[in-house]
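As given in TrEMBL:
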{"type": "DOMAIN", "residues": "A:70-181", "note": "domain '3-dehydroquinate synthase N-terminal'"}
{"type": "BINDING", "residues": "A:73-78, A:107-111, A:131-132, A:K144, A:K153", "note": "NAD(+) binding site"}
{"type": "DOMAIN", "residues": "A:183-326", "note": "domain '3-dehydroquinate synthase C-terminal'"}
{"type": "BINDING", "residues": "A:E186, A:H249, A:H266", "note": "Zn(2+) binding site"}
There are 2 protein chains.
Amino acid sequence: MESLNVALGARTYSILIGAGLLGSKRLLSGYFQSVHRVAIVSNVTVAPLYLPTLRTLMERLGITVSAETILPDGEIYKNWETLNMIFDALLVGRCERSTTLIALGGGVVGDMTGFAAACYQRGIPFIQIPTTLLAQVDSSVGGKTAINHPLGKNMIGAFYQPHLVLADTDVLKTLPDRELRAGLAEVIKYALIRDMAFLDWLETHLDALLNKDSAALEYAIYRSCQHKAEIVANDEQEHGERALLNLGHTFGHAIETGLGYGAWLHGEAVAAGILMAAELSADQGWLSRGDIARIEQLFVRIGLPVRGPAMPVDRYLELMWRDKKVQGGKMRLVLLKRLGEALIVDTATPTAISNAICARS
Amino acid sequence: MESLNVALGARTYSILIGAGLLGSKRLLSGYFQSVHRVAIVSNVTVAPLYLPTLRTLMERLGITVSAETILPDGEIYKNWETLNMIFDALLVGRCERSTTLIALGGGVVGDMTGFAAACYQRGIPFIQIPTTLLAQVDSSVGGKTAINHPLGKNMIGAFYQPHLVLADTDVLKTLPDRELRAGLAEVIKYALIRDMAFLDWLETHLDALLNKDSAALEYAIYRSCQHKAEIVANDEQEHGERALLNLGHTFGHAIETGLGYGAWLHGEAVAAGILMAAELSADQGWLSRGDIARIEQLFVRIGLPVRGPAMPVDRYLELMWRDKKVQGGKMRLVLLKRLGEALIVDTATPTAISNAICARS
């Protein structure tokens with residue numbers, strides 16, 4: 001097992017990564033000492049697979065489960081109506097301010113459960129048990145919680161940190177291939193924005209990752225979480241450096257919103273978005289065609305999209321303008337100065353942005 | 001003009017109290033220096049009276065108004081659907097993370113606008129301009145924001161502090177008498193929990209307050225906000241002392257939820273709740289019948305209820321168990337050790353609680 005801390009003063013918390021974590025009372029009991037009552041949130045896909053394991057773990061730790069909510073599965077349900085299912089269960093189960101909410105599932109379950117924890121009685125503790133690669137390397141760490149609004153993704157939410165993150169690599173064995181591949185887009189993102197050595201490692205170990213080799217997965221998750229933890233500790237509320245984690249995301253969100261939530265997986269949209277950002281970076285004279293080809297080749301090996309869907313460019317732009325990264329009427333985009341180094345730019349011209357979209361859609 | 005600070009480190013903010021504040025560019029310009037764009041939220045009752053004044057003020061301060069949302073009026077609208085009207089307006093108006101949200105209205109507008117500010121893009125600045133006495137002395141200060149859930153009042157919300165509170169006593173001139181009277185219940189609450197001298201002052205100046213005498217109102221609001229600011233600075237998230245502000249509120253929330261939101265005004269329910277808490281305090285041997293009579297007499301002079309509605313006691317208890325103050329399966333109630341001193345008790349027996357309710361319903 002690997003462990004990491006997200007250093008946030010009194011709100012510092014641990015990320016535990018390893019095979020078989022959820023079955024190990026011994027490894028976990030120290031982390032659950034102050035937990036007496038929990039409410040669990042999962043979804044229809046994950047619950048049949050891992051809810052019994054989690055229930056058993058709670059029983060062995062002497063923890064009461066006061067409520068369980070099984071959400072429908074999918075990004076299209078990441079809305080207020082579904083969130084309200086959690087509130088209903090918490091209220092019917094008489095959950096209190098001291099009840100800990102546990103998210104057992106992928107990014108959607110984690111985002112909604114975290115937001116529910118932030119809002120229920122103005123804030124209760126919560127624990128993330130991410131069951132997708134994407135959630136393990138990205139969304140479960142760092143306290144960004146949210147639901148979608150018909151006019152924009154993740155528009156309604158809170159910065160609210162979990163008390164603990166448990167990433168059991170064993171659960172990835174049942175993860176559909178398409179989701180594993182989508183999750184790798186976010187792993188590659190860390191390499192592209194700040195870690196060339198990791199990019200080299202990923203190119204070398206990609207087959208092992210695609211074959212769900214435990215050691216390779218553990219390392220990739222650990223390294224990704226290390227980057228995320230460092231960035232979040234420096235800039236929790238995204239006033240600066242944290243925005244670098246959004247490489248490809250402004251383009252990606254436009255794809256997700258434009259196609260309707262759930263048509264493309266988040267990681268798929270981000271992959272296409274990263275290549276759009278790379279094209280724009282090349283236009284600024286920073287990346288070479290060879291650099292772009294290197295990213296593209298990785299995505300091709302993984303089976304990720306290397307172009308966005310054929311929406312009109314104006315539609316892309318309209319959706320991008322609604323993004324949270326717009327500031328002072330300027331669109332702020334994460335670009336690559338070189339492979340392994342990202343920066344935030346608000347000077348890209350509309351024409352240059354359009355050209356980058358056209359080149360990749 | 002009086003001014004006060006709520007001391008919360010980097011999130012410290014000012015409360016300005018006085019007649020004619022909203023018309024005074026001179027007094028306010030220093031406080032709006034970093035504000036460039038705002039979105040205003042008000043309701044159908046308040047907007048016709050004061051939205052033009054606020055628009056003029058913004059214009060004179062050189063601030064752009066990017067969105068306006070006029071909510072329906074009343075506690076029954078303090079729900080997700082209404083909250084979503086604010087999000088819609090913010091998104092359509094392309095409001096950004098740096099846009100400041102302004103609440104112009106009473107407690108419901110303030111609570112919803114504050115919660116919208118806490119959630120929109122995971123948090124944007126907001127300013128409270130309370131237009132009821134209740135909001136000026138209580139709900140606009142301290143960062144408690146929330147909406148109601150069918151199963152409980154203020155169940156979904158956030159601790160999220162405003163950047164500024166502007167309490168213009170002139171706006172109380174148009175406040176319906178019933179609302180002024182309800183607001184006085186919260187003013188009396190401060191006296192009962194921590195300020196005997198203020199209780200004496202209130203008994204002496206009650207007629208001036210009921211006649212909307214500007215100087216009397218300014219003093220009562222200032223003194224109330226002083227208490228609130230001090231308590232919030234010590235205990236922002238209600239881990240201890242802040243809970244004392246809930247005197248009468250657990251009983252009061254049961255009344256509000258039991259009758260359906262809006263049937264009784266919040267201050268009216270709190271008045272009846274304070275007397276229930278007083279009865280229970282007498283049962284513990286702390287208050288004398290004379291003390292209770294003194295509170296009752298103040299409420300009678302104001303025209304506030306001195307009994308709760310005739311709901312079955314079991315219904316009161318059921319609703320009280322859902323309150324946020326329940327902890328570790330114990331009901332925590334604020335009682336009075338004596339007039340001017342409150343304490344939190346979790347040892348009152350169900351029988352004693354029932355008796356207190358029966359005595360006052």
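Heads up, the Cβ atoms here are built off N, Cα and C, so glycines get one too.
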Note the Cβ centroid of A:E186, A:H249, A:H266, the recorded Zn(2+) site, then list each other residue of that chain whose Cβ lies within 8 Å of it, in sequence. A:L134, A:D138, A:A185, A:K189, A:G248, A:G252, A:G267, A:A269, A:V270, A:G273
Which of these binding-site residues has the least crowded Cβ, counting other Cβ atoms within 10 Å: A:V109, A:H249? A:H249
Of all the binding-site residues given, namely A:E186, A:H249, A:H266, which is spatially nearest to A:V109 (NAD(+) binding site) at the Cα level? A:H266
Hey, what's the Cβ neighbour count for A:K153 (NAD(+) binding site) at 10 Å? 23
Have a look at the binding-site residues A:E186, A:H249, A:H266 and say which one has the shortest Cα distance to A:D73 (NAD(+) binding site). A:H266
The domain '3-dehydroquinate synthase C-terminal' (A:183-326) resolves under DSSP into 106 helix, 0 strand, 38 coil
Cα-nearest neighbour of A:E75 (NAD(+) binding site) within the listed binding-site residues, A:E186, A:H249, A:H266: A:H266
Quick check: in three-state DSSP terms, what is A:G107 (NAD(+) binding site)? helix
Which whole-number value in Å describes the distance between the Cα atoms of A:H266 (Zn(2+) binding site) and A:T132 (NAD(+) binding site)? 12
Could you tally the C-beta atoms, other than its own, that fall within 10 angstroms of the C-beta of A:Y77 (NAD(+) binding site)? 20
A:H249 (Zn(2+) binding site): which of the binding-site residues A:Y77, A:G107, A:D111, A:T132, A:K153 is the nearest Cα neighbour? A:K153
Could you give the number of helix, strand and coil residues in the domain '3-dehydroquinate synthase N-terminal' (A:70-181) as assigned by DSSP? 47 helix, 33 strand, 32 coil
To the nearest Å, how far is the Cα of A:D111 (NAD(+) binding site) from the Cα of A:E186 (Zn(2+) binding site)? 16
A:D73 (NAD(+) binding site) has its Cβ surrounded, within 10 angstroms, by a count of other Cβ atoms equal to 18
What Cα-Cα separation, expressed in whole Å, is found between A:E186 (Zn(2+) binding site) and A:Y77 (NAD(+) binding site)? 22
What residues, ordered by sequence, lie under 8 A Cβ-to-Cβ from A:G107 (NAD(+) binding site) and sit at least six positions away in the same chain? A:P130, A:T132, A:L134, A:A135, A:D138, A:S139, A:S140, A:H266
Hey, which of the binding-site residues A:E75, A:D111, A:E186 is the loneliest by Cβ count within 10 Å? A:E75
